[in-house]
């Protein structure tokens, strides 16, 4: 009794993230070492930065007083390009993504088709849209067509993968049931598979419209058409009030797309 | 679902009622009409001769790309290191800014739902809706070309992403643990440190690693607008039509992305 009463009250310590003390110190040292190396390799031209502050102020002023009018015809042209590109690429991409997604689902497709479709998906996903856009611009010339193809490819990469993963997760009992009634391949797809994945596909398509518009606002920088080209020109000329107007329009449309796609996804989910 | 009774008295099952069928038909018609209209507007300025010529162009370009100019690799290590730093430092800065922002934006931890929360949400949304390349364009115009513009561009873009996912994670925590810590007489700092933080730590780590992976991809192209990294080499090789160098850079980007994906998968498995 006496001994217990006299022993100090146990103090609880929160457990360490890494139990081993030496490992902990090594990791911390490695992180600090990397940070030192990384930060020392960033060379900053401070005179240029100071010079830039005036531009930053003008940019900020531009946001307070955006100039929609003096470049309006360019902005309008860019917007129409971006929006039409988004619609066409989404429609075309979905039309292609559906069969590829079906083919890439292991529970429906034969092994060879599964392999081919998964390879197509991997290829479509492996490069950034911007890089794809550069290559397409080199092949198809400047303009919206190259952008349309870029967005279509990224739509295929994103949608087919998710559709395939969804199809692989469907309830096999329904497929079995339709098959048991003597349903053929297309009837199985129509009544057992499509009815299970359609809500998800609709939701993903709405999300893809959102993504495609965002992307369409940057691929113009490398010449693939759209509002990005207009923005690039405005910034090259240091017309910050026009650039601010374009950015505000992009933000507004992105928000609109996001809310619309969120609403559709909630509706169908 | 609709059952109709035919002239012979037999029941016919249909998936949709006639009304639903009409609406669906109308919806599809509208969709096709919009798509066709957009297609016509979009391709109004397309020069079809270029498009017809494209397969030939593609063969030509890929012919020029091969073989990659391996000797050029020596000049790429420095830009690759810059790219890595842009992604990593950008992510770190974003984490430092986004973490308090997440707490301010979450409904259950914000000091004021009426004022602070909308402000935090506004910052999150504004950061998210502008692509890293556009941030890069702006920052290069302001700060001048270089790695610094790239780091800040990546950071500004990531704040919204990390902030959004973080505040959603905070809103989903188990309140009873917070309640328990508070019942011991803990102050707000202790509640966050013992009641909230341990609960969101796995989500936080996953979000950070996930964003780092995305940032590696994005930082490879930031150089196209002058914001440093391997994209600068890509831009100059493209401008001089040095296709064997372009193919080498693309291979390098691809392998960097694959490695970063592998690291991400490893780390994520270790965390969860």
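Just so you know, glycine gets a Cβ as well, placed from its N, Cα and C.
As stated in TrEMBL, the feature transmembrane segment covers range A:130-151 out of the listed A:130-151, A:152-173. Within the listed segments A:21-39, A:40-58, TrEMBL records transmembrane segment for the stretch A:21-39. Residues 59, 62-63, 65-68, 71, 75, 78-79, 202-203, 206-207, 209-210, 213-214, 217, 227, 230-231, 234-235 of the same chain lie 6 or more positions beyond the ends of the transmembrane segment (A:243-264) yet place their CB under 8 Å from a CB of it.
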